[in-house]
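Enquirer: Shown below is the structure under consideration.
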């Protein structure tokens, strides 16, 4: 193989390209050589897409407001010769940065891996088989298969095209899609835009299908040469992260104000003791472990969702999911199984219908009318029946290798039609010797139909096969009667008859396709097929009949929709189906429900539960806004209608999730608050989304919403836990300014290292445990959260619990020093220089540190539920006390951690500025019990006074 990335491939013939690259257009590369080629040419990636930069992650650990305060405190401590405290602060910073770096780096790597899993894929032929691989695995020589909506994975020389058009705007600036060909382009100076036999990496297929040979990959592609990609290369901070960063800098400002207050109270004497007191206040303001805990919790949430088939591409989705009020879902493959089956056929003039048996993709089945079996050959003797089945097989791009083993490829609707043909031994392969494919007019949302043109070798004629929605009837002007084509005598009667049958089938929950065909002589076709416009081909068609396709709802869809309604989430179904088909499926899965106290399913509690796209789009924005409720179902939905639906929801201040899989769904996915792409959907849809569902299942969306709510609820829990502790510490230190020694210097009740020990060592583990708390039973039984992270109740809880802690700790301080002590605050007790003078103060510090640690550990159980008592199961009573093992161990071990700091010599006096205690333990126990009962009293007041849900 020659240098694959350096040849003028557009000037070579297909045979020359395959020879130069050592590949085969039918069988592709051998797997045995792929590894060697990957080593030779490297991964098919742009440099900007390569992983996570560890240096940026490390730098981020030192640039947030919380760490800045600790760095300043460290510098100040060393400046006043308090090396012990400065050393501890430096250790805390390094430890915190290390933990943060490891966890954030892992989180970024996880997100990077998930983005790659949801990144563009490529369908390649290797060793004669068709495989879907990740785009980075493509190598020069790979045979790539393209379909509408695909993002081209590499620069490719085309070898087969069917109506292929590509959007190259991001590469060439050409605003219109470019029609492609396979003929060699002569001329050395052909520009990228003139190389019509080439498709380029990152461009998008907008029409048709084809095959190509990968000739350049990675940075050797045209897009690589200009180092530009449509794929994302980075991940910006989420709104929550931005809010928390803002909070950090607000706290930084508060710490500066508090430092000024300390100096002002002490008449701006900048001696060592006063400076250390200011440092203590600065440290007390900061919940040091907050950012790391949030990062870890969100990373665990991403992994948990990935294990349940939901790949999170952007962290913002985790925050957005908890606020979702409306879900706009596709039907096919999402609410339903996606394994469509043809169950009904109808021919013009029939009073009954043909029923076709067989489940899913089984290629065996029987034909019956009114449950009476009919011989297949007898049916095929009717030219209308035979042509209808022939159209099902040939107006079709699906391939079936072994349906029973799931070896099928193509659109679910087309697979169903192909399976029908196989049941009657008329699959596409049976026509290969007689029918030569010429061109394809693919399905589009505008025409809502698809046609394929074949040349009948035996008859020297051309045949056009068409299938699609009801509007196919508009291009039909003939019927088959007794094997002869006749013009439709009465257009009105014809339309009325067929429309009535469509409605009957639609009410059975069937998707109905209209099937038609046309024969054109070779003489007429000699006008040059390639120049025929679609409008000229799809006319004067002969109507053959109707095909009814059943797409069985997933068993879990009804349960998931019920969960949404319990959670205050409205589900909308946006489908391309007929009005009555959509209505039948919507009732079956529970989207449309009978009015309360009504046994009649046709009576629903709203005036317009189902609208067609035409009806919805005919309304102005003002008329849509005047509707009491938006429709639950939109039938015959188009991508443009999806966008209008999202806009209408936004005008009503709703928070919407939207599903999609096609290239035309990208605008609505981007417009939605949460875009959810299907794993089997187009690459463009995936890149426009925040979440990709690998199982295409509606129940997975509901799981994701539940997980988003769980994560959001847990973040509120541990923020409440951490910040209320900080409030208590600040209260103690602010009021502590009033306690002055003989020199008039304020004596801090809590030393800086004590505060760091509480905030980092004993407070962070239970906060982490709260972050992984299991979802409560009412997670999906309350309306969506719309008040943000810091609602009024959360802020009130932070202040009340902080005030309770701070007040009890101050009482303990006063009791140890004044009630049972010598009432002396000593001299220079903010340092360890005068230990003999500071025994009482140091014992008081030990007492209040242990008491505060035990309070904050007990407070973790308070935070599990905002109002429920600890005596109840809901609030974490006996039945739930040990349900969160991480929390149990955090509390048990945390309660023992202060003991060594109190009793180990030198560590207690030199580092923690405290002393051993004895009888003071009784004060600790009493104050912790008091905190427990005061917390219960506060919750009791909330339960009796506040009747609304948590805000």
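Cβ coordinates come from backbone N, Cα and C, glycine included.
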Enquirer: Let me know which member of 24, 661, 673, 695 Swiss-Prot also records as binding Mg(2+) at the site of 330, 332.
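Expert: The candidate from 24, 661, 673, 695 that Swiss-Prot ties to Mg(2+) along with 330, 332 is 661.
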Enquirer: I'd like to check whether residue 740 and residue 944, as annotated in Swiss-Prot, sit on the same side of the membrane - that is, whether they share a topological domain name.
Expert: no
Enquirer: Same chain, outside the transmembrane segment (718-738) by at least 6, Cβ under 8 Å from its Cβ: which residues?
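Expert: Residues 258, 261-262, 265-266, 277, 280-281, 284-287, 289-290, 293, 297, 746-750, 755, 758-759, 763, 766-768, 770-771, 789-790, 794, 797-799, 801-807, 809-810, 813, 848, 852, 855-856, 859-860, 863 contact the transmembrane segment (718-738) from elsewhere in the chain.
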Enquirer: Compared by Cα position, which of the binding-site residues 467, 575, 577, 642 is the closest one to residue 330 (Mg(2+) binding site)?
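Expert: When the Cα distances are compared, 575 comes out closest.
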Enquirer: For the transmembrane segment (744-764), which recorded stretch in the set 58-78, 248-268, 274-294, 886-906, 917-937 gives the largest number of Cβ pairs separated by under 8 Å?
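Expert: The stretch I would name here is 274-294.
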Enquirer: Across all chains shown, how many C-beta atoms besides its own are within 10 angstroms of the C-beta of residue 577 (ATP binding site)?
Expert: 26
Enquirer: How many Å lie between the Cα of residue 577 (ATP binding site) and the Cα of residue 332 (Mg(2+) binding site)?
Expert: 9
Enquirer: Of all the binding-site residues given, namely 467, 575, 642, which is spatially nearest to residue 332 (Mg(2+) binding site) at the Cα level?
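Expert: Nearest candidate: 575.
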Enquirer: At a 10 Å cut-off from the C-beta of residue 575 (ATP binding site), count the other C-beta atoms across all protein chains.
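Expert: So the number of other Cβ atoms within 10 Å of residue 575 (ATP binding site) is 23.
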Enquirer: Provide, as an integer number of angstrom, the distance between the C-alpha atoms of residue 467 (ATP binding site) and residue 661 (Mg(2+) binding site).
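Expert: Each residue's Cα considered, residue 467 (ATP binding site) and residue 661 (Mg(2+) binding site) end up 21 Å apart.
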Enquirer: Starting from the Cβ of residue 642 (ATP binding site), draw a 10 Å sphere and report how many other Cβ atoms land inside it.
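Expert: A 10 Å sphere around the Cβ of residue 642 (ATP binding site) contains 26 other Cβ atoms.
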Enquirer: Sort out the residues at least 6 away from either end of the topological domain 'Extracellular' (907-916), same chain, that have Cβ-Cβ distances under 8 Å to it, and list them.
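Expert: Result: 84-85, 88, 751, 753-754, 757, 829-832, 835, 839, 842-843, 845-846, 849, 900-901.
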